[in-house]
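Let me begin by presenting the structure, written as structure tokens, before commenting on it.
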Amino acid sequence: MKRRIPQELWFVIGGLVLFGALFVAEKTLNRYLLHILILMGIYSIATVSLNLTNGYTGLFSLGHAAFMAIGAYTSTLLTFPVPLREAYDLPRLPWFLGGPDAAWSFFPALLAGGVLASCAALLIGAPVLRLRGHYLSVASLGFMVIVVTFAKTLKGITRGPMGISAIPLYTNVYWTFLWLFITMYVVWRIVNSRFGRALMALREDETAAQVLGIYPMKYKLFAFVVGAFFAGVAGGLYAHLTKAIRPFEFSFTLTFQIVVMLIVGCMGTMSGPVVGAVLLLALRYALKPLEEHLKLYGLIELIYALLLIVVMLWKPEGLVGRKRVSVRGHQERKEEGEWARFSTPR
Amino acid sequence: MGQVISLLKVEKVTVKYGVIPAIQELELEVERGQIVALLGANGAGKTTTLKTIMGVLRPARGRIFYDGKDITFLPAPQRVRLGVALVPEGRGIFNRLTVRENLLLGAYHRKDQGGILQDLEEVYRLFPRLKERENQIAGTLSGGEQQMLAIGRGLMSRPRLMLLDEPSLGLAPLVVRELYTLIRRIRESGVTILLVEQSAPMAIGIADYVYVLETGVVKIAGTPREVESLEEVKKVYLGG
Amino acid sequence: MFSLSYFLQQSMNGIILGCIYALLALGMTVVYGILRLINFAHGALITLGAFFMYFVFFRLGLPFVAALFLVLGFGGVMGLVLDLVAYRKLRGGPEVALLITSLGFYTFIENFTKLIVSPQPYAFKTPEFLATLYRTPYLTFRTVDVFIILSSLLIMLAFHFFVKRTKLGIAMRATAENLEVANLMGIEVNRVISVAFVLGSAIAAFTGFLWGAKYGQISYDMGFLTGVKAFVAVVVGGVGSIPGAMLGGFVLGLAEILSIAFLPTRFAEYRDGIVFAILVLVLLIRPSGIMGIREEVRV
């Protein structure tokens, strides 16, 4: 209990320093670099929120892009300017969302996007999370396919495969990093609570955790839903940064990028996901001219995949992690011979 | 002829789970043709000892000699080839496979097709009920039948040393008696047996030598008569 | 409003797609049974097999049978390489590490293909002797349809024989049920796992050819959804059951084709969605699948 106060203070100081730095950045960086910086923030939110399920709980969701899509489309439909709606074939808002002459402001629209993503997570998580962790991976992937299909086919709402453009540019460094700050704070609070310890107990040994009276379903679902909320917010921020969204942007490639960021950074730590997101985006934008000039399409994804494989095989604890939090298990295991590994006692 | 080498010799073996030692500086010897009983309460380290002898667990310290050969670092499949067979606790039969398939897997490392079939007949002679249920899925057998199957499967590898881990666990007294008759017959056919049990009277009755483990350490070692006469054994293991 | 011939025609299409899913599910279920690994890289082998066939058969002009065996061999070698390079190293660690790595390998192979071959799809001509068209009152089909059905049945029968009658096959089933005891029986578990990878991958590469020959187009990302759907077939049929995986494949193929055939055309785009809706339904109602054995959670 005594240690919590200084740690909270840390967050305040960190926040102040961060926003000071952002102020300087906004004044000095050119638009392209600022754009990249904001993207780093958005991807960090996505990665940090994915960490809640995939890192701390040991579930491996592959549907993060779907939650981002839900957030992006929801917030866009809410904030889209009324005069342009007809020209862009977008529906007006029904009465319970404020009536046909209403457009929401940015913050509540983002929240709505997050909440809707959470609801979707509840819907998909409730049947699947009772089962072995693996089913979540496949079901969430399937969920992503379904969401993208809906985005393509519900033309009256989403304008189909061509997507929505002329989205107002609301996202800036302050919004983005405020949300990143909130996300990290919430995740940190969860992880350092009784609840968070329960999550990690589940990751380590589900049966043992059950014996201790931890009811797995509740905890898993909670982590999944909270993660989806912030993914939805990240999607909303993304839409209002790039000003155009199309269904295929939110498919497996996006999920994969976030997964790589998480693994390369380090699962199950606070700073790992952010480090991963920042480094891999930096790498992406450094390689982008190369990919485009040499027409080597797929080069960046290839390198991402290679990084993921290398990290998994040779440095499973990620860039910032210590051995303790490695996804490969404990160090003693590694020292044992191949044959002895099959029945490693716990 | 020099000194007779015992079939199995465990020399100051320590096995750890993480940092916690499960057995410590364990010394144990099994002579050819003997039945050696290894007794102890739950968690005394009996199963750990067997798994280490089998090569499933690796000792942190110490040596294991089989037939005079150092096998401390040999993987389990190669120990099977040398003639060590473990009949695991809880039987560990393959529930989804047929009885026959289970038995044939016991002879997995052998290449002599004729010999395998001969041994299969031998096992069926020993356990006629397995013959009747040859093509049944093993998961449908009764507990006693499953134990017979597990032992039969062990025999299929033509072992010289058979490690039996609590074979009487969960079986009715009548079935246990039948089982012990069989164990005796197996020894008569020339197989050396290291028998782990929690329930002592039967095991002591059949054994040539007895070890008693307590929290990973050999507490008592001696012939059945010596061991039986000890007060603490009477109290704890013989219920008298 | 739908005629009998329409129904038969669509059923045949469903069965053919079912053959493809079933063949893929076969390889996936064996690997999943032993390692609890959803092998995403399995999907990449479809792509690799298709392009490999394209190059050795159409570009190099090798005889068909030789090309087929080369594809099978190529798939097997790739499976072995994946196992030796990656999966073997991760055994004994958390299952999720295997899953992530297989995801990495899938993406690596997909983008490697994209980079080396082309981001555009390739037209895959049906080999001439398989392109003959037959018309009957109820059914119109090409030789390739017969080829797919017969070769799939042959492979499934061979696999069934392998798993039931051969020593290695029995050992494979034993390993899937209890790896530790299999090790005690003197089974070299690592070798058995490698064999599972080799067989599954060879079949997957062959499936890539079937896909190309049937649908006429191959692309760098063709294997992703196909592979994931094959795993859905595994779940639908019952995890751990080999006949279940095949049955699941056929159920999925028929469901996918017939639902779009008999729903109004605007639902055609929901084709992939339907497959995953079935998955969620099965998980809700009968998580152990049609023929599955209730899965005990390993601790």
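Cβ from N, Cα, C; glycine included.
Residues annotated as transmembrane segment in TrEMBL: C:12-35 (among others).
The annotation transmembrane segment is assigned in TrEMBL to C:40-58 (among others).
For the transmembrane segment (C:64-85), the residues of the chain that approach it from at least six positions outside its boundaries are 41, 45, 48-49, 52-53, 56-57, 105, 127, 129, 193-194, 197-206, 208-209, judged by C-beta separation under 8 angstroms. TrEMBL lists C:64-85 (among others) with the feature transmembrane segment.
Panel annotation: around the transmembrane segment (C:137-163), residues 4-5, 8-9, 12, 15-16, 19-20, 22-23, 26, 126-127, 129-131, 169-170, 172-173, 199, 203, 206, 210, 213-214, 242-243, 246 of the same chain, lying at least six beyond its termini, place a Cβ under 8 Å from a Cβ of the stretch. Positions annotated as transmembrane segment by TrEMBL: C:137-163 (among others).
Residues or ranges marked as transmembrane segment in TrEMBL: C:192-211 (among others). Taking Cβ pairs closer than 8 Å, the transmembrane segment (C:192-211) reaches residues 19-20, 23-24, 26-28, 30-31, 34-35, 39, 42-43, 45-53, 68, 71-80, 82-84, 87-88, 91, 148, 151-152, 155, 159, 162, 168, 171-172, 175, 182, 218, 222-223, 226 in its own chain, all 6 or more past its ends.
The transmembrane segment annotation in TrEMBL covers C:231-262 (among others).
Annotation source TrEMBL lists transmembrane segment at C:274-293 (among others). Non-local neighbours of the transmembrane segment (C:274-293) in the same chain are 229, 232, 234-241, 243-244, 247-248, 251-252, 255-256, 259-260; each lies 6+ residues outside the stretch with a CB under 8 Å from one of its CB atoms.
Using a Cβ-Cβ cut-off under 8 Å and counting only residues 6 or more beyond its ends in the same chain, the transmembrane segment (C:40-58) has close neighbours at 24, 27-28, 31, 64, 67-68, 70-71, 74-75, 78-79, 82, 99, 102-103, 105-106, 109-110, 113, 117, 122, 124-125, 127, 200-201, 204-209, 211-212, 218-228, 230. If one looks beyond the transmembrane segment (C:12-35) by at least 6 residues along the same chain, the residues whose Cβ comes under 8 Å of a Cβ in the stretch are 42-43, 46, 87, 91, 95, 98, 139, 141, 145, 148-149, 152-153, 155-156, 159, 172, 175-176, 179, 192-193, 196-197, 199-201, 203-204, 206-207, 210-211, 214, 226-227, 229-231, 233-234, 237, 239-242, 244-258, 261.
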